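Copied over from Swiss-Prot, here are the features:
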- 1-25: region 'Disordered' (REGION)
- Met1: N-acetylmethionine (MOD_RES)
- 171-334: domain 'CMP/dCMP-type deaminase' (DOMAIN)
- His223, Cys289, Cys292: Zn(2+) binding site (BINDING)
Amino acid sequence: MEPTSGFAEQPGPVKAESEEQEPAQWQALPVLSEQQSGAVELILAYAAPVLDKRQTSRLLREVSAVYPLPAQPHLKRVRPSRSAGGAQSSDLLLCLAGPSAGPRSLAELLPRPAVDPRGLGTPFLVPVPARPPLTRSQFEEARAHWPTSFHEDKQVTSALAGQLFSTQERAAMQTHMERAVCAAQRAAAQGLRAVGAVVVDPASDRVLATGHDCSSVASPLLHAVMVCIDLVAQGQGRGSCDLRSHPACSFTQATATQGARAGSVRKLDEDSLPYVCTGYDLYVTREPCVMCAMALVHARIQRVFYGAPSPDGALGTLFRVHARPDLNHRFQVFRGILEDQCRQLDPDP
């Protein structure tokens, strides 16, 4: 089917400064990878109390040479502790233990003459974090078991605390999601599934495409996300969907700068289109499915904001496609913008 010209976007009314309002109560929460959001995995290790602190440096050097722990560089080898009498003491991490490990003596664990065990007490088993903590909550959980180094991602910490976006950014995000909600309502009026989506260029805050679910028995793949990606392509002189029967689906013609950028990005292969959504944001009322999530990977979207989760969602519920390390593109995902409104549009079955 030949691409159509679509319906040109008209700029919406500009609010007077006195009409600026605080965004409604919602949180844009990051949807992190399974490694970032999961519980701390623990493995067993052997440690021993340091009975003579004057031997600590030597013991640390000798034990580290025999058991360097290259896969666990986050683990600190010495843990402050207190003796039975309350005096300050320390424990030395010796080596990892198997899952069915039992009590072992110093002679069994530390080979002579590489390690002189003088100054060490009886070894004991202790759970330690298997991998470096990636978030502050993981760090707090990890260090409750054993001292652990932590290289904090300030952006993730701010996002988890709800402090990543300014009031002005939140207001713009709410406006874009409200536009997606309106598109979903227009879809419902046509007897279609009430899911709406908007693609925005964050560099200019310009709306590039507005769409809604157009799927039917004849066209089962026209989910809101797929429609929006095609509309962005139509704005760049590409695209393949005839959406003239859906007046709420519209796009903005690409500017010369956008067109040059779209035409200059490298192609997937000789017969494929350029990446049409490089650097863009998507707002969608419902969490995308696997098909739509993979389409966003191929389109090179930058960020996705969705209102309500979906039972078959692929950006947080069933899968986290956006964070898979084996894919050649990853993007940020946030959930919860106007969640109540979005959930009411298309209630869960």
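Backbone N, Cα and C atoms are what each Cβ position is placed from, and that goes for glycine too.
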Ask   = Given the Zn(2+) site residues His223, Cys289, Cys292, which other residues of that chain have a Cβ within 8 Å of the mean position of their Cβ atoms, reported in sequence order?
value = Ala224, Val225, Met226, Pro288, Val290, Met291, Ala293, Ala295, Ala314
Key: Cβ-Cβ neighbours of Cys292 (Zn(2+) binding site) (radius 10 Å)   = 29
Integer mean pLDDT for the domain 'CMP/dCMP-type deaminase' (171-334) = 90
Query = What number of additional C-beta atoms lies within 10 angstroms of the C-beta atom of His223 (Zn(2+) binding site)?
reply = 24
